[in-house]
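Encoded as structure tokens, the structure appears first; notes follow it.
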């Protein structure tokens, strides 16, 4: 072993400090970011054992427990709602089921929430990039009722509105409309949380989604008709929310109708040389997933985790590699990233998992690694505080320990790749960046961590490379 574990930890500490300063100085260079398409209201409830047991007992424990073993993956009754929550606890897995029944929607509303936050990947990133990083940010809101608009923080966050025939950019609070409240009910539980004999192996959340607009990737008229004008105000775009698409809708439209519009937006972004990042999220429908993979060549960058990367390998036709990626083998992950780049020609792939991040790029530079380190700090700070208000708060995460298990992985990478230094691997026509992340022992909240990681890395890397 060339260096002791202590030496490596010291090295990463130094790299983290430098990366934070570099990102802090570079972020003001970013002149504008566009975020689309999913914004909603997150109603967060921290589950209480007694309350949950009482509700399960009232509705019928046997019926609810049956749902745990045979999940419908959608909610049309209260027992399905409670069964879904218990299944998520039992497996320690994040799950999201759509609420089809009005009766359950009323029940959810009456059950209430502990706090409201802006939700949806675009909405969460808007409060971070515009509110915390102070980057001028244009965000798509399918609906903009008062309850949602007030969840946007102050700062350079804008929604486009038509005044007569002119498109204006105003803060969401100045564009409130009598529109629908799109609520995602999020039930959070800590590691070890127990209800009856069901115990959570790790902290996570169950989402009951009562939102008909984002479920079909509804696009506002301003985005349908004024997209080119919006594009002129930005250098970067982050697209998310397409994972919910269904093959067919009751009104006769299909996922293709939505993706054709997305593709026309990407063509405009590319014409204006706007760099675009696609936040891939697990897409249940195979045909939709195939179509999303086909769209990747139009993007500059994609962000994903092991479940999403494996699901793409299945589409590409490498079942064996998909399995190995799910099992968490780092070399399989690297192979899969290379396969994805070969297949799509995409310039940048950002992989995030518990403990480490990787970025495979068709260009070189320490900025790629520094952006990953900054993203790790931002995620740790958000996990510690539950919410970020100022970019300076991210500095506090420097004191969070770096994941030592990932530092051991670094040794394996060194053995495999001769050209490996300070987390950077030269792969002839590509560069691979590896960073061990900061792990917060008991996070205040897990909502929006993935969005924080991807958007922080994408914008800070762009800012640093622009200097």
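Glycine is treated like the rest: Cβ placed from N, Cα and C.
Take the Mg(2+) site that Swiss-Prot assigns to 308, 451: the candidate from 279, 416, 419, 421 listed for it is 279. Swiss-Prot names 42, 96, 120, 121, 184, 451 as D-glucose ligands; from the candidate set 154, 211, 212, the record adds 211 to that same site. Long-range Cβ proximity for residue 121 (D-glucose binding site), meaning a same-chain Cβ under 8 A and a gap of 6 or more residues, is found for 35, 38, 238, 240, 241, 279, 281, 451. Following the DSSP three-state reduction, the secondary structure of residue 121 (D-glucose binding site) is helix.
Among the binding-site residues listed (305, 308, 352, 440, 450), 450 has its Cα nearest to the Cα of residue 120 (D-glucose binding site). Among the binding-site residues listed here, namely 42, 96, 184, 211, 96 has its C-alpha nearest to that of residue 305 (ADP binding site). The DSSP secondary structure for residue 96 (D-glucose binding site) is strand.
Across all of the domain 'ADPK' (10-467), the predicted model scores a mean pLDDT of 96. In this structure, residue 450 (ADP binding site) is part of a helix by DSSP.
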